[in-house]
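This report refers to the structure that appears directly beneath it.
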Amino acid sequence: MGHGRRISESIKKQLPVTGPEAPTVKNLMDWYLNNTNTHGCRRIAVSRGYLRRWIWICFTVSSVGMIFWQWTLLLMSYYTVSVSVTVQFQTLPFPAVTICNINPYRKNATSALLEELDKQTKLILKELYTSCTGCSNRKLRSVLLNEAPEEDSGVAKLLQDMPLMKFEVIKEDHVIVSELSSNRQYRINNTFITRMYNNMDLATVGEQVGFKICDANKSNCIIYTFNSGVTAILEWYRLNYLNIMAQIPNEKKLEMGYSADDLIVTCMYDGQSCDSRNFTLFQHPLHGNCYTFNSGDDGNILQTLTGGSEYGLKLTLYLENDDYNPYLFTSMGAKIIVHDQTEYPLVDDVGLEIQTATETLIGLQVTTSAKLSKPYSDCTMDGSDVLEQNLYNTSYSLQICLHSCFQTEMISNCGCAYYEQPLPSGAEYCYYEKYPGWIYCYYQLQDKFVNERLACQDICKETCNSKDWDLTKSLARWPSVASKDWVLNLLNWERGLNNTLNKNDLASIAIFYQDLNLRSLSESPANSIATLLSNMGGQLGLWMSCSIVCFLEMWEVFLVDILTIIARYWLHRGRQWWRKRKERQMQQPSPPDHDTGHHNPVCIDDEDPPTFHTAMQLPCVQTGPVPSTPPPQYNALRIQSVFDEQVSDTEVN
């Protein structure tokens with residue numbers, strides 16, 4: 001007890017509560033502010049001037065407020081142990097579904113246009129049947145020629161200039177080729193082989209089938225050979241077909257194609273009936289009249305409330321097997337593409353083929369992707385920063401950009417547009433009568449495009465935001481053996497076909513959401529600005545006990561104070577220079593006035609020797625400094641000495 005009393009008395013003695021030596025709150029705050037390690041509080045005490053002091057007070061109070069706010073959030077998050085579960089039933093927009101018949105036009109509508117082409121194709125096939133049975137696999141090649149044989153004038157010009165050929169005799173230094181339509185033969189010398197498009201060794205050339213194409217001047221020609229006669233004929237027929245269709249106006253092609261009522265037999269959506277009025281026409285260059293369900297052109301997009309095969313879109317298509325062109329496509333059925341309402345249906349790129357006599361179930365799962373743009377990736381948000389015109393007038397995509405770029409290069413290099421892609425304003429599609437070298441130019445450009453020697457792959461970018469549908473396809477025979485008779489009889493009666501309908505003319509399709517889960521893939525930066533500042537602040541606090549207030553102190557000292565000192569120094573130097581300049585101007589004498597001559601009657605400078613005239617003039621006033629007169633030296637008069645001497649003389653006398 002005595003020891004505690006002694007400590008209490010010592011404290012009262014050293015820290016009196018009353019009296020003149022008792023500390024006040026102001027003294028305590030001054031001591032704290034001058035000795036604390038809290039940077040902002042110390043700056044309040046040592047700052048000079050009320051403005052700086054109030055600025056530091058505001059910074060410090062704001063920092064304290066941020067600390068308490070963050071602490072409150074952290075404590076609330078730490079002590080919150082409740083769990084909430086939210087269940088929502090959402091609807092998903094049903095995608096647009098575009099349906100095309102693989103066969104683009106009715107056979108009776110194109111028979112007159114394709115008569116000569118079909119005739120030549122049959123003759124070529126007959127020749128191949130008798131001479132090319134059992135052909136082995138071959139590689140894709142092309143051979144450069146510089147001369148062509150004489151052509152018959154009884155066939156179309158393109159069929160003359162682009163004949164199908166077969167390699168006959170192979171020697172060490174040349175190859176003999178024959179035209180399948182005319183049986184004419186000519187040889188390709190080894191000198192021409194060295195200039196070929198993709199060089200090939202003559203020793204490896206077997207019996208090949210290909211066709212010849214030339215430029216507009218026929219100075220350079222190429223024979224393309226294929227690994228199969230079927231592939232060669234399909235490609236040769238397709239080029240001739242495109243050449244013919246490029247000259248047909250869209251109005252006539254619309255009449256030649258299938259109508260929505262011809263193509264669509266039955267339609268159901270979410271258990272409700274639909275018909276051709278719910279479809280929008282879409283003209284495709286290769287597949288003719290296509291039709292889009294839920295296109296959104298009227299401003300309404302259908303929503304799906306329930307997933308499963310019992311819902312969604314169900315269709316029965318009539319594809320008319322006997323109406324197919326046997327040389328244009330070797331497959332039969334329909335092409336379907338699922339896409340967003342703002343996207344262009346690229347049928348040939350991502351279209352799904354549906355076969356006849358089959359029920360096809362297509363389950364959908366939608367996934368949205370969001371990628372980070374620069375500097376994390378070189379993607380584009382909407383294509384506005386891509387230096388390529390969108391010829392499809394739809395939302396941007398990488399494929400749309402590549403096709404548009406190729407069409408632009410085609411017009412720039414070949415002078416005309418490729419038929420399978422949109423036609424830009426002011427251009428026209430290529431056809432042989434007006435552009436005889438377009439096929440040669442197209443293959444040259446296609447080779448550059450495939451080998452990425454065009455600028456398209458550098459110009460076009462991927463999209464940052466995209467929506468993709470994952471398709472799950474399942475097949476079943478349709479109609480079944482048990483239901484075949486009544487289904488076909490009923491459809492024959494509805495369409496008035498007099499029992500000519502068979503199951504190979506029909507295809508059943510069901511497109512539905514497997515579930516209504518929307519999958520989202522998004523990118524986030526691994527190191528954000530907040531993470532960077534947090535890590536840097538942690539290192540500064542760990543090793544230097546520094547915070548953002550330290551940077552404010554540095555900003556005040558090294559920026560504000562140093563700039564103030566520098567400005568004050570140069571201002572002082574400027575004032576000194578100006579003061580010295582004024583002093584030099586005040587000390588500098590004024591220049592003398594030297595007005596002389598006969599016109600000056602007042603004064604004239606001295607002449608040597610003087611004349612009478614100058615002697616009568618006044619001398620010029622001296623403008624220089626007047627010499628000072630020294631004070632008289634009175635002792636030089638020696639008056640007293642003179643008087644003394646006189647007195648002395650008198651006295652002597």
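Placement of Cβ uses the backbone N, Cα and C atoms for every residue, glycine included.
Feature annotation from Swiss-Prot assigns disulfide bond to CYS100-CYS290 (among others); the stated evidence is similarity to another entry. In three-state terms derived from DSSP, CYS290 (disulfide bond) belongs to an extended strand segment. The number of other Cβ atoms within 10 Å of the Cβ belonging to CYS290 (disulfide bond), over all protein chains shown, comes to 27.
In this structure, CYS221 (disulfide bond) is part of a beta strand by DSSP. Within 10 Å of the C-beta of CYS221 (disulfide bond) we count 20 further C-beta atoms, all protein chains included. The disulfide bond annotation in Swiss-Prot covers CYS214-CYS221 (among others) and rests on similarity to another entry.
Under 8 Å, Cβ to Cβ, and six or more positions away along its own chain, CYS267 (disulfide bond) finds SER273, CYS274, ASP275, SER276, ASN278, LEU313, LYS314, LEU315, THR316. Under DSSP, CYS267 (disulfide bond) is assigned to a strand (E or B) in the three-state scheme. Residues or ranges marked as disulfide bond in Swiss-Prot: CYS267-CYS274 (among others).
Taken from Swiss-Prot, the feature disulfide bond applies to CYS379-CYS464 (among others). In the three-state DSSP scheme, CYS379 (disulfide bond) is classed as coil. Listed in sequence order, LYS371, LEU372, SER373, LYS461, GLU462, THR463, CYS464 are the same-chain residues at least 6 apart in sequence whose CB falls under 8 Å from the CB of CYS379 (disulfide bond).
Contacts of CYS460 (disulfide bond) defined by a Cβ separation under 8 A and a same-chain sequence distance of 6+ are given as VAL386, GLU388, LEU398, CYS401, LEU402, CYS405, in order along the sequence. As annotated by Swiss-Prot, disulfide bond applies to CYS401-CYS460 (among others), with the evidence given as similarity to another entry.
Look at Swiss-Prot and you will find CYS405-CYS456 (among others) tagged as disulfide bond, backed by similarity to another entry.
Annotated disulfide bond per Swiss-Prot: CYS414-CYS441 (among others), in sequence order. Neighbour count (other Cβ atoms within 10 Å of the Cβ, all protein chains): 20 for CYS414 (disulfide bond).
Taken from Swiss-Prot, the feature disulfide bond applies to CYS416-CYS430 (among others), supported by similarity to another entry. Within 10 Å of the C-beta atom of CYS430 (disulfide bond) sit 24 other C-beta atoms, taking all shown protein chains into account.
Annotation comment: Swiss-Prot describes 582-608 as region 'Disordered'.
What Swiss-Prot lists as topological domain 'Cytoplasmic' is 1-54 (among others). When averaged over the topological domain 'Cytoplasmic' (1-54), pLDDT in the model lands at 67.
What Swiss-Prot records for 76-546 is topological domain 'Extracellular'.
If you look up Swiss-Prot, you'll see 568-653 (among others) marked as topological domain 'Cytoplasmic'.
Annotation comment: Swiss-Prot describes 55-75 (among others) as transmembrane segment.
Listed as Cβ neighbours of the transmembrane segment (547-567) (distance under 8 Å, sequence separation of 6 or more from its ends, same chain) are residues 39-40, 43, 47, 52, 59-60, 63, 537, 540-541. The annotation transmembrane segment is assigned in Swiss-Prot to 547-567 (among others).
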**Request:** Kindly assign CYS214 (disulfide bond) to one of the three DSSP-derived states: helix, strand or coil.
**Result:** strand
**Request:** Work out how many Å separate CYS214 (disulfide bond) and CYS441 (disulfide bond) at their Cα atoms, rounded off.
**Result:** 9
**Message:** Return the count of C-beta atoms lying within 10 angstroms of the C-beta of CYS416 (disulfide bond), excluding that atom itself.
**Reply:** 21
**Asked** Using Cα coordinates, what distance in whole Å links CYS221 (disulfide bond) and CYS441 (disulfide bond)?
**Response** 11
**Asked** For the disulfide-bonded residues listed here, CYS405, CYS464, which shows the highest count of neighbouring CB atoms within 10 A?
**Response** CYS405
**Asked** CB neighbours of CYS100 (disulfide bond) within 10 A?
**Response** 26
**Asked** Of all the disulfide-bonded residues given, namely CYS416, CYS430, CYS441, which is spatially nearest to CYS100 (disulfide bond) at the Cα level?
**Response** CYS430
